[in-house]
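Scroll down for the structure; my scribbles are underneath it.
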Amino acid sequence: MSAHTTAEQSPKRRRIHLDNDSKMHFSSILEDGTSKSQEALLPPRRARGYQLEMLSESLRQNIIVAMDTGSGKTEIAILRIQRELERCPAHKFVWFMAPTVALVEQQHSAISKQLPAFQTRLLTGAANVSHWSTKKIWDDILLNIRIVISTPQVLLDALSNGFVDLHTISLLVFDEAHHCVRDAPANRIMRDFYHYHRQEEGTDGLPHILGLTASPTTRARQTDLEVLEINLNAVCVTPKMHREEMMQFVHMPEYRSIEYQPDVQNFSSIVEKLSVIINELDIENDPFVKFMRRRNDLKSRQRLLDALENKKTPCLDQLKRCLRRSRVIHRELGPWASERFLTRCIMGLKSKQTNASGPQWADWDREDNSYMLNVLSQVVSSTEMGVQNPPDELSRKVHKLIDFLVLEHVNGSIGIVFAEERTIVIMLAQLLSLHPRTKHIKTTAFLGSSASVSRKSDITELHNPIDQSTAIDDLRTGKKDLIIATAVLEEGIDVPICDLVICFDLPKDLRSFIQRRGRARKKGSKFALFLHSEDRATSSELHLMEKTMKQLYLENKRALEHIQYLENVEEEGYDGFRVASTGALLTLSNARNHLSHFCGTLSAEFIATDPEFVLEGDDTTGFSAKVILPSFLDPKLREFRGILLWKTEKMAKRDASFQAYVALYEAGLVNDYLMPAHHHIDDEDGLEQVEKRPSFAKALGSLNPWAAIAKKWREAKHFYQNLIEISAGAQAFPPMVMVLPVELPCDISFRLFWNEHSTLLVSVKRGGQDFAADLIRLAADTTSILLSSLFSQKMVPGSLDFSWLFLPQMESIPSAIREWCDSVTGTISLHDIRDCDMAGFENPGLVRPMDNTARPCTFEKLVWRKYVPAETSDGASLSEQVTYDREVPHIEGRVWPKRTDFLHRLEPSNTSKAHHTAKCFYPANNCSVDRLPVEYSQFALFIPCLIHSIENYFIANELAQTILHPVGFSNLSLVLTAISSSAAREASNYQRLEFLGDSLLKLHTSIQLAADHPLWPEGRLTMRKGNIVSNGYLANAALQTGLDKFILTKPFTGAKWRPSYNTDHINTGDMTEPTREMSTKVLADVVEALIGAANIDGGENKILNCLKIFIPDIKWSPLNECVNILHHQEDSFSDENNNMLSEIEGLVGYTFKKKPLLLAAVTHPSSKGSGHSYQRLEFVGDSILDIIVVQELFESPRCFHHFDMHLMRTALVNADFLAFLCMNAYREEDRGEAVENSKRRVTVAMTKRRAYLWGFMKHSASWDIVNAQQRAAKQYEKLHEEIDEKLRSSKTYPWTLLCRLDAAKFFSDIVESILGAIFIDSQGSMPACRIFLERIGLIPYLKRVLSEDLDLMHPKERLGLLAGTLSVKYETKRTQGVEPQRWECAARVGDEEVVRVDCRVSRVDAETTAAEAAVAILKTRKLQSEASNKVAECD
């Protein structure tokens, strides 16, 4: 048996029995006459439960969907087409048929926009399908086509000629299926081909059938419905209407009848003149007769005889048709309209004559045109044609219409006037647009589309095809508010809800009557019919229609009253559900409200969140309900059924809601207070919205490691000596020893900056525990000597209780140390130096002026020079002594720096004398020189820096050995960097590590949460992750663990440095101060920096240990374990077959082992089905993308500054950039296009069609999504070449162009969800993820960012920098009265409006464009100002 059960074989037929139920069915049509256009005009609507019910039924068997106009039949068809194409072989396709060209064009537009991944083909007469005369042409035209949209006649002809095989069609869709009767083309397709094959071969291989209709028959007879079902081999089904929906008030129009008296049939002189001229025409002058007389063949002679006998030629036919229509117009509209009609016919002929010079015009075409123009020009003179008189002589019927419109068509009204004749439609529209009383009404005309050759050449066809193509859109957008139309607008065509529908000509039957009335749905709407007072037959028919309609209304009203009565029946429910810990109670009464609230808190763009109910049963058996929850919930938590049968639908829905909410509670999505867990975070959870944190927190004072060391001095029996070496290129310093009672944490090295040009490298190497206790006192003496050389005023006199001891590297015996101390103690006076005798000064110490008027200096040499006030080489005076003419001995040397901070580079702008080491000259007789060699004094000068650096390592080590002990850091420098804030001005700070750690934290948190909570929706995962990685939460973790006391925030300056004594530390304790104010951001940053440091020090294991310390709320697991869990979770994904996936795999460059992962990755959360959507995968992919980019930036050999890395990451992972990459990803496929040459021979030219990645996204046939796709695609077509060029070669990032795409979030979501799917399917393979990113263009641009110096700063950020201290404001607003919606923005800096931009596609576009323009202006001003200053300086 085939997949689609036949009508006769169906075990669950839900037939509409018109003899019993037809009145209710038709009444619902009368009540709800919304057109298909409401999907675009009303708020966005997802696939409703009844639409999914119809979809499911269509997948099971052939059906005719009978649903009210405006209830979403087209969406059902689109969902069905998508499902069919996903499961059918690639060589098969879908054929969609609609009865009119206008409807075909409309449905082609809808389907191609809704299903952009599939090639569609519109086939109408305009494509000259009748000239496609070979099968090869058809095969080429249908190559790679998956959906064909045409009228039934096109398919019938193709099947009849054998150009198309019915077995290659997988699904036939009949829109307005009630036309499939008798000898209609749709029925001939079924009768001559479908049923023929069915009888011969069975249904195997035949297409599935889907019919769509709002009115199954035009007459209310059961037999007619049975015939329709037989014709389409389908069952007519309709979804069950909920009482709740039926009880909602629907505005029914007020019926009005407009009676008019027909005009006396006295035609105007012009019409009569045309009649006379046509009757008096000499047929021998007719172009056709002349042409045939010139031919001698038998066929031509016969055609000539027929023309002469019947007086029938092409020109005569058109002229007579023109006469007939002018008379109809005269009768219906009046003399003015008929005369204006003839004038327009003449103008049309003149226009054709002007344009008839091309090769496509045959000679007889020109002759016919000239002949008819000559005839008609005798009727209306050129003078009369040039006069544009306002409508004056009008029919009584038109006067009645104008009176009615003036009264009823008020401001804001939208109306339709139905007329039968095409020429009446055109002329009535022109008449109303020109009449003084109605010209304020914005009137247009709509005839539908027709590609008939006869109509193309008909001189009476006055409509403009361009106007026809925009008429409906103009009505939707408000450019027009009244449309005059033929019956083509009765059904199918999307038009807005109207409040005024007028039948200028009466409907032909009940169905037409119902369809027209259905267009009037607004509150207070009017439905008016023009009645000919003398036409009794018409009046009788209309009376029957009115009677039928009133009867339907009355019965519907009674039914609604009965339903309301039934729903008010009180029923006793079952016991509620009580939470023991809180006492919260869930009952049948409050369950539905709870459920609605829960769903509402998970709102997202393009997703309707209200629960849907599907009812089963009836008044006899009782009702049960199924509730369908939004698709962002896991499929296991998406559908729930009530457990009992109820008398009322109300209680059935409450029952289903109760069961659903209990299940949500048990799944952990509802907390103990019966509130959504994702929306109401419990205080005791520790994850409250800590982003509402203060900027600063009270933190512990900085740790003082010397306090613990001071205690060790009192207790230690053995001491550690550590070697200190200082080098500066060729210059060598004597090695020194540092003695401590504890072991150094590690070898230490750092740099010292002696002056602007000289940098020293300090190395401290740990030594053994081999310094004798009896040498401690001597080491204290050496320390005192060293410190006294420079810090005597800061020392405690007589105290040797230092926290650390220093001495030169020498033999560790008392005599050697004493000898050294004796040799370096004291000074030598230079007062008596003569003849530059340098004996005894082989290794001199610092030279000091005896009057202390100047800083010490080094001793380089003794020189003779005139006695002048001592000065340095830069001219700084060092004394005020009198100048002598004779030369005296001077000490030449370098000034000793006054500063003690050598850990920081000297800035070029710093001119403080404390930094100078310039050359100087001191009079020798006023100086003394230290016995302590200058190298030791220089070492003493470095002691503050040395102590500070060692102190930091002791702090870092204490942290590593206590709080961070589980991590097991091996590189203490990483810990030190991680706890060093930028304010501390250490050699390295945490910012780069924090940048890496932030990404690692998000990665592990995202993957862990996704693995631990398979039922959590993306919204809750995101909120939970956001809380965990928030600065507030991490700052709290730092305070809770005591990390705060280890954080370095105070910069070293050395300005107030003094030697450290053990006694002081014992008295003050292990804190430098009790508490301090610390930025909570710094606290959080240090936690992230430690995570980054752990990664560098030991990879994932150390990261996990670090996470366990600071975030113990989560049970952390290795990434591979989490990925395995996620990989196995895929087993619960939908396993439905989808042939589309291989195309996506080719596009993304990865073949999935588990195909449902890819299907989920391209499924929008609005999509209805049994599978997952992309939201959770996007949640995972976001963190994968971030870590790939961050690691590349962090590991770059260029060692970027953290600020630059932030700019780079933002440029590479922002939503606009990802959206562009998504829109720029495509695969090409062949497409054939018919080409007709001048001889009307048809060939097929092969072209390429791009299938874009975004087009494969599955969704719920949402017009909001489609419109967003189309807007962005339109912008992409305008901008993509420029954006591509900017990304390839520009030095500036195209922020403005990217935001101008106005791309919805789902474009970037697709990139991240596919990345997440690849990561899980490959079980954590980053190379596989990189291949995808390489393919879509992200990695190539990342390489540019890494290798080139690009300006990546956002214009708004750049403007803020240029503004300096001035404020920057953006005054943004919508541009009024512009369609489509546009924005304008003024950028203000301080009080000045720098620039104003308009006509932008979004608020973001407006502000970004304004910022970019303002930046350009301010930069120009700056350059001009600098140029002016230079000119001024030159002057």
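Even glycines carry a Cβ here, placed using N, Cα and C.
Marked as ATP binding site by Swiss-Prot: M67, D68, T69, G70, S71, G72, K73, T74. S71 (ATP binding site) has a Cβ environment of 24 other Cβ atoms inside 10 Å.
According to Swiss-Prot, the Mg(2+) binding site annotation covers E1178, D1309, E1312. Within the same chain, the residues at least 6 positions away from D1309 (Mg(2+) binding site) whose Cβ sits under 8 Å from its Cβ are Y1174, Q1175, E1178, listed in sequence order.
Marked as domain 'Helicase ATP-binding' by Swiss-Prot on the basis of sequence analysis: 54-234.
In the predicted structure, the domain 'Helicase C-terminal' (400-564) carries a mean pLDDT of 80. Residues or ranges marked as domain 'Helicase C-terminal' by Swiss-Prot: 400-564.
Positions annotated as domain 'Dicer dsRNA-binding fold' by Swiss-Prot, on the basis of sequence analysis: 591-684.
The feature domain 'RNase III 1' is assigned by Swiss-Prot to 956-1099.
If you look up Swiss-Prot, you'll see 1141-1323 marked as domain 'RNase III 2', on the strength of sequence analysis.
Per Swiss-Prot, the feature motif 'DEAH box' maps to 175-178.
Sequence-distant neighbours of K1305 (site 'Important for activity') (same chain, 6+ apart, CB under 8 A from its CB) are E605, A1215. Among the features that Swiss-Prot reports, site 'Important for activity' is placed at K1305.
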Which of D68, E1178, E1312, the listed binding-site residues, has fewest other Cβ atoms within 10 Å: D68
Alpha-carbon distance [E1312 (Mg(2+) binding site); T74 (ATP binding site)] in Å: 31
Spatial separation of G72 (ATP binding site) from E1312 (Mg(2+) binding site) - C-alpha basis, Å: 32
Touch test for the domain 'Helicase ATP-binding' (54-234) and the domain 'RNase III 2' (1141-1323), at least 3 Cβ pairs under 8 Å: yes
Structural state census, the domain 'Dicer dsRNA-binding fold' (591-684) (DSSP three-state): 33 helix, 22 strand, 39 coil
Composition by DSSP (helix, strand, coil) of residues within the motif 'DEAH box' (175-178): 2 helix, 1 strand, 1 coil
Per-state residue totals over the domain 'RNase III 1' (956-1099) - DSSP helix, strand, coil: 90 helix, 9 strand, 45 coil
DSSP three-state assignment (helix, strand or coil) for M67 (ATP binding site): coil
Additional residues surrounding Mg(2+), by Cβ distance to the E1178, D1309, E1312 centre under 8 Å: Y1174, Q1175, L1177, F1179, G1181, D1182, S1308, I1310, V1311, S1313, L1315, G1316
